[in-house]
């Protein structure tokens, strides 16, 4: 039996022991009661808005209308009693063709509710005649047009000119699949024919039965709702919240073994560190994927065709790298933290950052190319029946895979007694990760810079998310400076580790040689990522900042020069001057980028 499988079984048994039989039974009973109560509420129409308006009326023909709205607590009495009820507390009285309101805000709200109730009842009556085309003689076909991109480079100015001049109606309709047919439509429908397909009748009958996530295909004007804004936020919440929950158990389990020193028994076992890490991660990963599968089935319903099964698998494939990243960060936080207080802070901070990365771009799904940054956008498109090209999938998910892999590798490298059961500072443990990597036979600053590329890439994508709504000159300027800072830190951190831990002698020759290796490694990794993933946003100004000079060797010279600045400052002033070295290199790098992008800035 593989070592990681043994650890996984032990982790499951250990989790079960945290709850005794009585607690498990009570938890199951509570869950059953909650499900039963929710089902009963949905079936009986129970609501907090029941009987909040008191209405008295004397006409029996009003009763069927009032009954359709559960907000009204009504009384059918004679005219005299209706007047009495109105004088002694009723919000509203209906006498003859007149409606009388009391002098309160609640009565005004009741009047609005009554007006809406009459409109809805009239539509119910009209649609019940089974002659929809005559009861609703005017039909309108709605086409949701794709929003033209207004944030392009100079090479696409013709598109902007077309937008400013405006489209003619024929071109706009032809730009939508089936648009021209939708404009003319079926003559029988447009001319008020008394025939209508069974599907349309069923759609009208089901207006009130739509779930929140189902799109309207047919609706009367008063019941027509445009696409729900920011639907992606709801999807993101449904998919991300369980990941929060399970990752907390995951990190707490690791931290508990550290604080109670129970993990020492695992470390002395004849197992490799990676087997232990995999074994402790797999149970939580399987549980989370099972929850995600249940959520996907809830939204997409049980599959009936092979295409439905494929769509469910693609949704799970889109959320899987997100789960990996959350677990990787939880794992790393549990190793770096010295107490549960530090773990709580690290977990919350990282969860907020990743959530922003997932939520904000997805809000612009189908609106802007920047939305492709978030895997939640892929999920939204799949749920809406759209296809997702492999290039878009890689663009959205590859950073998650690579960053999660890098974090797990660095975390596993310090999964040892001297880091798990000591009170080292967080910074010291982070440097330990780099020291362990650079101490390997094939470890060098060249490969360390390549490994850091996904981290820089995801950092820059997060900056896009945060700076997207700022005015263009200022957002690009901030993007340039912060991106340069992130790049200079990762390019020089390996050299700082070598000098700080005295793995290399601090000489001018070593400073220059390490600068060339680090700069070259970053250049190679940067261009590889640009070729693989940046196509979806290559035409935007943010994409230009991330891929400037993709086909030139000048960026290679830039990377070597800027990391040489940091390296030489440490050579002259020592490793303690590292932060000043990074600032100086960032200024030089930012000035170069501003010169290249001066057309966008000035």
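Cβ atoms are placed via backbone N, Cα and C, with glycine included.
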Suppose you had to name the range TrEMBL annotates as transmembrane segment; which of 186-210, 511-535 would you pick?
511-535
Region pair the transmembrane segment (511-535) / the transmembrane segment (474-499), three or more CB pairs under 8 Å:
yes
Candidate ranges 282-300, 393-415, 577-601 - greatest C-beta contact count to the transmembrane segment (474-499) (under 8 angstroms):
577-601
Below 8 Å between Cβ atoms, which of the listed ranges 232-252, 312-336, 393-415, 445-468 makes the most pairs with the transmembrane segment (282-300)?
312-336
